[in-house]
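Feature annotations, courtesy of TrEMBL:
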- 3-141: domain 'Lactate/malate dehydrogenase N-terminal' (DOMAIN)
- G8, A9, G10, N11, V12, G13, N94: NAD(+) binding site (BINDING)
- 146-304: domain 'Lactate/malate dehydrogenase C-terminal' (DOMAIN)
- H174: active site, proton acceptor (ACT_SITE)
Amino acid sequence: MKKVSIIGAGNVGANAAFYIGEKNFADVMMIDSVEGRAKGKALDLMEAAPARVYEAKIDGSDNIEDIAGSEVVVITAGHVRKPHMSRLDLLESNAKLIDPIIGQIKKYTPDAIIINITEPVDALTWYILKKGSFDPKKVIGMTGVLDTTRLREFISKELQVSTANTTAIVIGGHHDYMVIIPRYATVEGIPITQLLPKEKIDALIKRTREAGSEILSYLKTATAHYAPAAAIAEIVEAIVKDSKRVLCVSTCLLDEYDIKDLCLGVPVIIGAKGVEKVIKLLLTLEEKQQFDESVAVIRSAVETLEL
């Protein structure tokens, strides 16, 4: 099997390892700076394998050198939000934390595709790309995949339909200025604009934007981890299987959407080479205005980062 490394064996990283292992498409190496954490969680996950019937190997290490030979490297390491914090509040501290990780990836597995989960996702995806001088197609942020799955769940609940029949697109940044386009959210191809009144749609949009904060308000000292981990596994699977999935992720735009040299969420085709194509949506004037506002937030954030 191909090898996937996950840097950070906390709640998100360990659950991502489980989801990847359970689907049997890659072996997983978890890395963590806390002595014994990655190894202990890996042992626990492997002892679940007979019951969950998977053959993938999950291992753990304190040594970053063990990412060598990885097809994909996932960065989940980082400080997490506390109640009343925004994702952007983590920018400075998490940039410092992942800075040495970027160099280690460059040294030990320079050709791997990198998936960044560390918040704020879009700004730090750009930072990883620029700091490491990586191929733009091979640096991906989780933006969009998680937000679309959340929106699909909320649509499913509101309309009492299977999530399998729902689709959605969320673009822009993974923050309060994410752009949710109702006409691209569907139930078996039917736009929700034909199925729900505007006030219901507005409520779904609001809840999607605040979904992470809603979970944080209940957990207090922890953030969402099952859904982000599932989003990671979805992206990794598309890469490892070269499945050409259309997913919304953060990628560096090079004049697409009239945006240059900035990472933010748009629909793309994901395959073995990473981001294989950016899909250009036709946006209304109102949607373009919302998108530009989201762009401005991310642009302002990256301008504070020192390379």
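The backbone N, Cα and C atoms fix where each Cβ goes, and this holds for glycine too.
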Where does H174 (active site, proton acceptor) sit in DSSP terms: helix, strand, or coil?
coil
Residues satisfying Cβ distance under 8 Å from V12 (NAD(+) binding site), sequence separation of at least 6:
T76, I117, H225, P228, A229, I232
Tell me, if you would, which residue among G8, G10, G13 (binding-site residues) has the fewest other CB atoms within 10 Å in the structure shown?
G10
Counting Cβ neighbours within 10 Å across all chains shown, tell me which of the binding-site residues N11, N94 comes out on top.
N94
Just to verify a number: CA distance, N11 (NAD(+) binding site) to H174 (active site, proton acceptor), in angstrom, no decimals.
19
I want to check the contact list for the residue listed as 'active site, proton acceptor': same chain, sequence separation of six or more, C-beta distance under 8 angstroms. What comes out?
R87, E119, P120, V121, D122, G141, M142, T143, G144, L146, D147, S250, G265
Within the chain of A9 (NAD(+) binding site), which residues six or more apart in sequence place their C-beta under 8 angstroms from its C-beta?
A17, M30, I31, D32, V34, R37, A38, K41, A42, G60
Once the DSSP letters are reduced so that anything not helix or strand counts as coil, what is V12 (NAD(+) binding site)?
helix
